[in-house]
């Protein structure tokens, strides 16, 4: 049982809405308990007991509880206050059963203390039968604080338990109350809406540090780690052992799209190499987007769980500790620190998984049923051949599609279906993954299979898992206590919003390039791969996705069962939809060109070039553009608007789109009201007005959320599991926002503080409105010139969809006119030019609801059947005889034959009237249409033979294209025009003096292709251009006849007949009306054919393929035209782009409204123009109901251009402004000027201050005309223009710096021009810029009328003018200061911010002729060896173990800033005296690049109001006491401490850095002292340089990479402004130490004593000088009394302290906010990647003006040197060694020897002699290893220097933990030695040895099963113990388990270098064999090598084993020999006995 007593909390901070109601929650292993709520209390007392049942499981040392304190909310989410994490290690160890935790500080989500604390008591009752873990005390880290699971603000820890649970399926909600595994945590999606990723390539840097490995499998392995990022691979060095230490960093620099980067993986492969044979590849895969959304985009020192590449089910294969840092442009890379207890790191609690998450196996299944509408992808050559031979050729099915799914680097594909545009795959693809899913995106691609070439992409779509799944954490459940019925119901709903990814069955639409097939390469092919917005519909795919937990994949691709195919059938039911689009206007055309038509399509329906759908009325008629009289062209539709009608068939998903529309409506209304509130805050409206707007916002939000209901899902068609889950999620979210809004209305006190809350609600609503299952294709509008597609626009179908649910569910633009800016496909200029601006009214709905269209329709719809009568001229007579390839009656193309009697009206329509002829007005527009002045032209042509006389050509007069034209005498002036002049020839061209141009005719052409201005003998043709201007006098036009004339068939038609015309036509029309008076909806009945005449020789099928021939011509007629009066008030713009080389632009504005436009005047040479101009449009014709126009007026579009004298004007950007519509001009409504953004290429390009009003002219009086300026320009009238007041702007013009050359000449005599609000002031000229770059007079004053409202304030413009010979004054640099808010001040307040530093005051008062020469002096070294500057540095950064006795001696520490000194907030950027403004020059060629900086202006501003009455006294001036502006000679000391994380420059992933310093013209190159092969060098270098300020103000510290053969590369540099540091009032020239010391390592360095600095500070502040007592014990300053005892009580005094007077003055100075003694951390940047960090440098700078005397001695920061140590290891004995071999006599034995080395020093590997023939596993050695190594005691690391390769020049330094590896081996002479076991001993955390071999076991090794050594036990350092002797076990891995391979008895002894000579010892048993003396081992006689000792072999091997066999064998041999002899001699003996020869 775990019992937590939550006692109380204290000092809880107040909330913005009153006093909080604290509630405490305790989380332990997924189980949550909470206290009661204490109302309105900042110091709550709970005294509650919370109990957790441990279920019989004992606490482990890594256990902890998380405590979260929140502010209880009755409705909505509880607000997060603070949290703490409390370790239960001491309870688990059994040291105590109850522990109090008092005043535990609470921290916020950023891990910062909030000042509050909580008190707890935790008790623990161990389960019966268990024993507490034996642990030693761990002094550090008892309690850790912070948000334990890393949630966002206001979320807390409790959300980790919500969401997905084990076994939940895609359709089943996760129920937190039923979690069977309390320890199981799951992740949640952030409620924050992620910012959209940039759609352009960016620079990124990925840093990967491989620290170490643990528990790698295998015996005697040599692991290497390979890291692969974005296709680039780096590898570490090869190490030895199962726990290798690498500590290597790799850098990866990439330039790619962010979306592409986050699809990449980081792959770690750990390869165990053995004798160069790679085996056992284990890997880990991390995901870039997971790193991105981690805190600070980094993962620091986390363990990776490695798994086998081949067998993922085999479990973990070791661990790898890594750090991963992802840095983008401008990001500050996170710095990592090595923890002191890294060796004791708990792997399980530090694994790289999302906080609070356990990774589980999961499967994702994607069912792919079928696809539709695949476009043609293959050439139709074969099909054409088939048609030639009379066979059927099917071009529709020229595609071989297959489907591919890609997720997290895994790809699966379906089968290929050949020759089928509507394939059916019916396959399911299964992918194994880990849950929670690390990658969010599934890529779906349809390919066209090609046999010979690469497969083509048809289309690509993406499934975002975060949109089709929910963790359940988006909605926080309300409290169970004190809640009403509503909240308890809500709780039930919210507990069911978590679900796994699910989708469909639903169609996914594919978009990409246009569908038309071409054999040529597709220029828009990239769009098919998902890059950029697709411009056309490419088909759709029916898919279904599901996911399951804890399920393995059997087959990756398999067929779908027939039952599932039948179930998917119901999701394919389609209904008929009708679409109507009325085109009201098409304006802002940039050029006239060919005739234009518009095509509307949805899916395949309406695509005029696609033959798969039947013809529809989906295109408008062709029209020519008409000039609007100013700049643009428009289509002259007048009162007859073209109408497009479409019918299509889609699934009924109205219930999904209705929900989207309702949520979008709520979000849009909220956004409009929120914009009003923000505008009011920006305009600084009174508080009462703000409250009024705020109340309106809150009330409207609550009302909308309450009244607008989402549609009910039950009973809807096409309903999926995802629909139900999203419905629950949306309902719960809407209810939550509504309740929070109600709570806010009751309790909010600060209006501005609520803005962020509203923005969060708005983001959540927009996120909820995203519909993943939107199978309705977008409506696509194409602008076409002829058959060429030019521009497009995509309109989401839901925005125009009609709903029967109510008006709120209809699309925003359903039946409403909307403005659409079309765009070019894959526009490289990104919308700089608009192809056309459309005003179109669209309605989309089910055909069953067609009659509802009547209520939306405006105007009268009319339908005409039309055909053309064609005639040709033959011998001056018109008739049908000369019609070649044309018919007498045809369609508009002339190719399709038509007859009047063959036309049939559609169903429900009747003819109205008879046929009549009417010319097509929009096609008969002449070139002069819309112009008030025009120039007629004709070319006079003459020809000759070469060298002959010129004579009139056969066609004496032609147009510019060489076609026959009328002669000048025949051309009459058109009606409504008068001639301005007579005919004349044009000489403003490349012609001779008489206007002729000459050319050569090359047959078969009859006209020259090129022309020249000089006559040559070979020229045979010449022409001259005759021109005659005319001017329009009236708009009267000729009616003419009804024929249209053309010179040739297919040419442009004109109205009036010309002598060259050979072809004419006239249009016949017949009107139709609906027969049953259905109203406007009758137009939907026009689908189908009007009837065509089919040629007898052609088949019907061929005729119907001609699209458009039989489609009806529908138009919408407006009976009345309303006239409006438009006024556009263009006041000013700011921060426009510089487009001219003089750094400015000459901006003017084209203002366009529908088909009229006007242009403002040009304002020269400015980026902040003030036009102050009213543009008046008198008679603007608008068709439609004025009330409709008032609700939804057309926008006023303003395009800004830069006027150029030569060349085309360049675009500056575009801005739109909605006009205020006034239908009753008698009631004046003053529009308000507002800032509108100017955009260019999708980016901000400035702002415009404009307003517009549209007044209906109905006979009433219009407002008075505004005042006129100049001749005819109207100003912005009073009441609209800003209210101004007289304001003073004081300008401190200190000087110019770093001015670059201009036009190859240096800037020598510059002056400054300051402009603001039309006022200009000039400084005096700097006579000699090189001698003194400061201005002679430093302060200027402008009196200017500035607007009272800050939002209208114009910027300050600075221009630097160089005064050059001959009166030339070019602008050599400019700067714009946008906001004056930061410079505003109260002139009557005493402002100390402008005073200079005390040092500069002393300089100002010092005599000018005092110059003290600084000579080189030796650096004063610290007299103590135990204390150095590095001790001070380590003590200051908290690494106390490295600083020795420094702190005990009472010495100073310094401040180490982790940023630049300028970035420390309390020092105001060191720009308090004057700021640095970058001067720019030149044209902005590319918006992606920053403008070039050509210099700097140093100065400042003060802005304050003046009295209008001139008699009133002026306020006091702000810039008073200024320092001397002359040059000062200074001594600069630069201290470079160290660098970290440098960018590698060498191929080995390292660099050889050194320091290079530039100051003015002086350079110090420290190349000789480079640090080889390191990314984290410790320099410890001090540099002294002299300089003159301000000339040499920029101190550049660069780090270079040393290269022997090639040029040294710059790693990065940082720049310090020394002038700012000298002038700043924060005294940043030399930091103030903590105490005043006159000797020692902290000796005073400044030139002035503390008392002198304090006196100068008092003088500058205008206060009395400090009063100091004689003995220095007390001091008075600024009215306060200070005593030395107050500062130095309870402090250790040492011999280096100075006199009390100075010490006390220093203590007072340190309380004045001055810069303390410090080390700053500066970021290095490179010019190649100026926004990416190249590393860090820690340093500081001291600046001493030489006129003030000699400074103190410099500090000695030389790096520490490593100490030489020797490790003496005596191998005494081994025992229990595995007997690895069998002797020839059958005995088990081993030839044992011991090998040892220290990691990193493998070349010094040593081994003992061999103990041969050990029969019992015992070995005797008495052998000494001696390992010499360099050791850094402060860092507890060995310093190893060695060459990586033999050819390397330098040794590489490594810092490696001191360890000893001991291995036992079996010696083999004729084969490889056998490995028997190893032990790795950490000399810092030494495993205590066993006293005897019996007590030596595996339990001694940490991490082994049953280990008695706890992770937290007190470590023993051999460096402290000096010597140790005992037994250690050596382990070997057998069958995947560790077993003891032997035990070794050793003595380990650490000897310092100075002791080596005193206590000598030799290796092995060599001399000097002493300390101790090692005798030869007493080995048994059986220990020898058989090959070299044959006698011993016989004695101890043969004889001992086989002696009885030998004896018996000898006896047997003797007996056998005896018997053999006896048998041999017996016959002879017997015969002799018988014969007896001698007897």
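Backbone N, Cα and C define each Cβ position, glycine as well.
These come from TrEMBL:
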- 148-158: compositional bias 'Acidic residues' (COMPBIAS)
- 186-197: compositional bias 'Basic residues' (COMPBIAS)
- 1955-1968: compositional bias 'Basic and acidic residues' (COMPBIAS)
- 1-101: domain 'C2' (DOMAIN)
- 343-479: domain 'C2' (DOMAIN)
- 1108-1236: domain 'C2' (DOMAIN)
- 1270-1393: domain 'C2' (DOMAIN)
- 1511-1631: domain 'C2' (DOMAIN)
- 1747-1897: domain 'C2' (DOMAIN)
- 129-199: region 'Disordered' (REGION)
- 948-971: region 'Disordered' (REGION)
- 1955-1976: region 'Disordered' (REGION)
- 2004-2026: transmembrane segment (TRANSMEM)
**OP:** Report the DSSP secondary-structure composition of the domain 'C2' (1-101) as helix, strand and coil residue counts.
**Re:** 4 helix, 51 strand, 46 coil
**OP:** State, in range form, which of 1-101, 1270-1393, 1511-1631, 1747-1897 has the highest count of Cβ pairs under 8 Å to the domain 'C2' (1108-1236).
**Re:** 1270-1393
Original post:
So which residues does the region 'Disordered' (1955-1976) touch in its own chain, when a touch means Cβ under 8 Å and the partner is 6 or more beyond its ends?
Top reply: 1766, 1768, 1770, 1806, 1808-1809, 1822-1826
**OP:** Note the mean pLDDT of the domain 'C2' (1747-1897), expressed as a whole number.
**Re:** 88
Original post:
DSSP helix, strand and coil counts for the domain 'C2' (1108-1236)?
Top reply: 6 helix, 67 strand, 56 coil
Original post:
Mind checking which residues reach the transmembrane segment (2004-2026)? Cβ under 8 Å, same chain, six or more beyond either end.
Top reply: none
**OP:** Work out, from DSSP, the number of helix, strand and coil residues along the region 'Disordered' (1955-1976).
**Re:** 4 helix, 1 strand, 17 coil
**OP:** Pull the DSSP breakdown for the domain 'C2' (1270-1393) and write it out as helix, strand, coil residue counts.
**Re:** 9 helix, 54 strand, 61 coil
Subject >> Per-state residue totals over the domain 'C2' (1511-1631) - DSSP helix, strand, coil >> reply: 9 helix, 53 strand, 59 coil
